[in-house]
Ligand SMILES: NC(=[NH2+])NCCC[C@H](N)C(=O)O
């Protein structure tokens, strides 16, 4: 439980800020009353009334739950097919480095100003209110669409056992289930998500152990080693461009995997969203960022590595357009090893995995909406929370977009899936680019006030270079990822690739025209509101005492 101990205040401004925080903790402070627009279009953003009920383990598991999902368990197979084992490994490691740069940038901001809906507010405050608006909505949209994508997959997974069942039944059932989970008080939500995510972690670790055994010769194929890196090879030629010269075709294969790899990692930034709800953010947020990142990198890079040594990229099942368990490289690896019953069991596990991801999708989406409503970018009622602190309307609206999954009743599931995937992944890259810009501007704002980086609650190394690195690559990938739609020109794949970018531009320009906002100058950026001086606060910290707790702490 939070137990604030009289923070020392240096100025009047500090005192009023502390008062605000204190009254917020008591639940007496009304967010809307303070949600005024400052004259020049820059916004003062209050701390929302969400409750700090999540513990560090919940926070980290939410980030894992929202991140490890369809991308890793199902989509990684097509990454292998298009770029080969070395190509996909390099792509995943490279995207991992971008994620790291984004995470540390976010970490510095989120510990200094821990607010819910965090990074959309950062963009509004440090960059340009229109940028925050556009980014917030596109990011929300990406999560809501991911929810629809995840529901599509759950329906398909159930059909693995019985194809005669109508996919719509399961989309409906799981839609209700996930929505109800998200309407429960946030501590329940954390608990659900925690156990769901546990299953993922265990699955990935199990797969890694399985991979080592099979590679060493435990399966039907005998010892495998790096055989498939030699034949068919380490890099695949992009299957859609047989006429290109080999080096070009390999490069095309490699670059086209960026979207898939980016999608797989997206969600890591959720730690920033959950920051507003965690206990002891000053300690937990940086720890969560560090641990989450290493854990995810470990899971992702190792998993992709093992998939690459166990399955030749020419295995046709990898390219099967059926987005069900038969397309999962986990299942294919089990089938190749000739292990009985394992494919069916894995299918069951994948169902849990996808449900957990869906649960995180709605959580993330609703919190983004709350952030948007609080900074005046969305109708205010969306920030309304129930007695137990759940933003009911925001949950409802986010869930509503999940109903798009019913598109599957009229379109082929594989098509719907790839549309959803591309739209969300590009939106994710746009978001990462925005986080990086926000951080660059945040650094400038600190500098203009003479606040040293040393005084930040969490200070990452190599900044601001990391932010520039994240910004450069995120922008480059966003702009170039759809290049295959130009070779030759294909209108529909162009729209699939660039619809998120187009939407973002429309939102940005639309907001700019209506509100006539301007770029925030470093000296004007609002780095006070929500900035919490946790110096004097003490939280009861549970030190791991038994073996189980120590294991958790390590994990
Ligand atoms: N920007 C987003 N919402 N991306 C969706 C992330 C999906 C998640 N990484 C998965 O593999 O299932």
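In case you wondered, yes, glycine gets a Cβ from its N, Cα and C as well.
Automatic, uncurated: that is what TrEMBL annotation is.
Here TrEMBL flags 1-43 as region 'Disordered'. TrEMBL lists 1-13 with the feature compositional bias 'Polar residues'. Annotated compositional bias 'Basic and acidic residues' per TrEMBL: 14-27, in sequence order. TrEMBL lists 58-520 with the feature domain 'Amino acid permease/ SLC12A'. According to TrEMBL, the feature transmembrane segment maps to 59-80, 86-103, 139-158, 165-188, 194-218, 292-313, 349-370, 390-410, 416-435, 456-479, 491-509.
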Revision key, fill the gap. When counting C-beta pairs under 8 angstroms to the transmembrane segment (349-370), the leading stretch of 139-158, 390-410, 491-509 is 139-158
Check your understanding: So what's the mean pLDDT when you look at the domain 'Amino acid permease/ SLC12A' (58-520)?
Key -> 83
Review point. Have the transmembrane segment (139-158) and the transmembrane segment (416-435) got at least three CB pairs under 8 Å, pairs 6 or more apart in sequence?
Key: yes
Review point. When you scan the chain for residues with a C-beta under 8 Å from the transmembrane segment (86-103), skipping those not six or more beyond its ends, what do you find?
Key: 76, 79-80, 229, 234-236, 250, 253-254, 257-258, 260-262, 264-265, 268-269, 271, 289, 292-293, 296-297, 300-301, 304-305, 307-308, 432, 435-436, 466-467, 469-470, 473-474
Review point. Restricting to the same chain and to residues at least six past its boundaries, which positions have a Cβ under 8 Å from a Cβ of the transmembrane segment (292-313)?
Key: 60, 63-64, 67-68, 72, 76-77, 79-81, 83-86, 88-89, 92-93, 96, 99-100, 103, 201, 204, 207-208, 211-212, 214-215, 224-226, 228-229, 231-233, 236, 264-265, 268, 271, 329-330, 332-333, 336-337, 555
